[in-house]
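Database features (TrEMBL):
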type: BINDING; residues: B:E35, B:E64, B:H67, B:E135, B:H168; note: Mn(2+) binding site
type: BINDING; residues: B:D59; note: Ca(2+) binding site
Amino acid sequence: MNEPLTNAYYELLEEIQAVDFVLCELTLYLDTHPWDNEAVQQFNHHAHQSRQLKKQYEKQYGPLFQYGMSYSGYPWNWKEAPWPWQV
Amino acid sequence: MWYYEKKLQYPVRVRECNPRLAKFLIEQYGGADGELAAALRYLNQRYSIPDKVIGLLTDIGTEEFAHLEMIATMVYKLTKDATPEQMKEAGLGAHYVNHDNALFYENASGTPWTASYIQAKGDPIADIYEDIAAEEKARATYQWIINMSDDPELNDGLKYLREREVVHSQRFREAAEILKEERGKKVFF
């Protein structure tokens, strides 16, 4: 990516990290509490929210995933967003 | 199959170039109780563990790779601008001679990672208790590194990782109870 990263980039990234943290916690919790219906509902709610946020991120900064989990622009734009250790 | 996601699990910030801290942090990269050992231990044990805890080993093992990337990011940021002289002063002279400023799977005293750090006994209780112990050792190691660190921004990331060890230990303790219950149900002829 050629443009310098803005505050908006970091804010959106942190929003994704926050939602994905909820999903991570719920994943491990549900692995040992599979019958907690409320937790399953929370999981599905946040999974939806995470997808919406990532759609927005990818539109602005490029793909988060490879192997077909994200769409590509032209030319191939895997390198568009900075690598995680570079921000 | 695994998918890589181009983001860190939690933001990593460091205040300044600090190879001395990087030397300590390497313990959690390629040390006995580090993130690489954790990921490889759980993902290898899961094939022979009872079905009820395969999901947990898969998911915690996967999260460990996200932690490995966070540690790598910390080490990278702390050393990328270090001169050979600074590396030497930080006790990383031998590392520099061997690897320049590249990362390597070794512990804080430079011993390369080895599979003898981890075990797979095939006995579910033995394996899950090893995993609980591993999480507690990793939690303690994070605390010792935090005690040695003078970078508050780095410590924020380290405290996050320390808390993840606490949660993993808790989930493994629950898995131990699930395994004991399963074992009780088995009918022997």
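Every residue, even glycine, has its Cβ placed from backbone N, Cα and C.
Rounded to a whole number, the distance between the Cα atoms of B:E35 (Mn(2+) binding site) and B:D59 (Ca(2+) binding site) is 14 Å. Applying an under-8 Å Cβ distance to chain A, the binding-site residues B:E35, B:D59, B:H67, B:E135 reduce to B:D59.
Taking the centre of the Cβ atoms of B:E35, B:E64, B:H67, B:E135, B:H168 as the Mn(2+) site, the nearby residues of that chain (Cβ within 8 Å, site residues left out) are B:A38, B:A39, B:I60, B:E63, B:A138, B:L161, B:R164, B:E165. Other C-beta atoms found within 10 angstroms of the C-beta of the residue listed as 'Ca(2+) binding site' number 19, with every protein chain shown included. Following the DSSP three-state reduction, the secondary structure of B:D59 (Ca(2+) binding site) is helix. Within the same chain, residues at least six positions away from B:E64 (Mn(2+) binding site) with a Cβ under 8 Å of its Cβ are B:E35, B:L36, B:A38, B:A39, B:Y42. On its own chain, B:H67 (Mn(2+) binding site) has B:Q9, B:E35, B:A38, B:L161, B:R164 as residues at least 6 apart in sequence with a Cβ closer than 8 Å to its own Cβ.
Shown in sequence order, B:I60, B:E63, B:E135 are the residues of the chain, 6+ apart in sequence, with a C-beta less than 8 angstroms from the C-beta of B:H168 (Mn(2+) binding site). Of all Cβ atoms in the protein chains displayed, 23 besides its own lie within 10 Å of the Cβ of B:E135 (Mn(2+) binding site).
For B:E35 (Mn(2+) binding site), the Cβ neighbour count at a 10 Å cut-off comes to 24, with all displayed protein chains included.
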